[in-house]
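The following features are taken from TrEMBL:
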- Phe24, Gly26, Gly28, Glu68, Ile254, Gly258, Ala296, Thr299, Glu304: Ca(2+) 1 binding site (BINDING)
- Asp298: Ca(2+) 3 binding site (BINDING)
Amino acid sequence: MATLTVPVTVPSPAEDCEQLRKAFGGWGTNEALIISILAHRNASQRRLIRSTYSQIYGEELLKSLNDEISGDFERAVILWTRDPAERDAMLANEAVLRWKPGNPVLIEIACARTSSELFAVRQAYHTLFKRSLEEDVAAHTTGSFRKLLVPLVSSHRYEGPEVNMKLAKSEAKILHEKISDKAYDHEDVIRILSTRSKAQLIATLNQFNNEFGNAFNKNLKSDPKDEFLASLRAVVRCFCCPERYFAKVARVAIEGLGTDENALTRVIVTRTEVDMKLIKEAYLKRNSVPLDRAVAGDTSGDYENMLIALLGA
């Protein structure tokens, strides 16, 4: 499902570091060489490149990149080069410190990652910022959003396939009752969405649809401008159909008068090694345009080349 392309014969980390050092030398930076290496190495290979570069040259690779490149290209390269858990921790910290209602980054990290991945993000966050992710989320969010986000980022869900259908029927009724009463931030709604496994939650939502004749998310569209309802819908979509969720984020980032480079970069660098092929299929089905072509038409230069390389073109 990944779109990352790695050479059949991969150079050693030392060879990659030597080539990166050459890209940084001379009168100008060789951006194409940087892309040809980093955009075609998986997470474990990038980790080895970073540690080897530090051992050989006595400098963190990310610092060298920061000194040599800039703008949206720099952000894409540095986010991509980071370890996935470290990257998510950085994105979560940005989202927390600049938090505003409707920002979906924390929901994406909490709901579109496995339990072990989310646990690794919390560990990385603690190492980087000397605070817990839960602590910062609680400190910077308010009201219904705090009630939802703190348990989401704290969760450690069961990942197996087992489903309790009796529980699914019971909790579908609870959800219907609370949503009908417009008690969207009721503790039972948040408990179900923040603790149940993916398989259990999908079974509950399917039961909701079968018993009450309407998809759960459609019941959360009573006020399209309500950002908390949009957040609840994002939770459900990240669990049930992440490829469609991220295809929509990419479409919204590309459409309109300007490009939301941060959102577009986030989707591509976080999903390239996960399910980008499925996201591309969902994007094409929804928009009748390949995602690669849409990205190429809305970006330019080295930034475009980096994103297109990650998309597998």
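Using the three backbone atoms N, Cα and C, a Cβ is placed for every residue, glycine included.
Automatic, uncurated: that is what TrEMBL annotation is.
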_Tertiary neighbours of Ile254 (Ca(2+) 1 binding site) (same chain, Cβ under 8 Å, six or more apart)_ = Leu264, Ala294, Val295, Asp298
*Cβ distance under 8 Å to Ala296 (Ca(2+) 1 binding site), same chain, sequence separation 6 or more: which residues?*
Glu304, Ile308
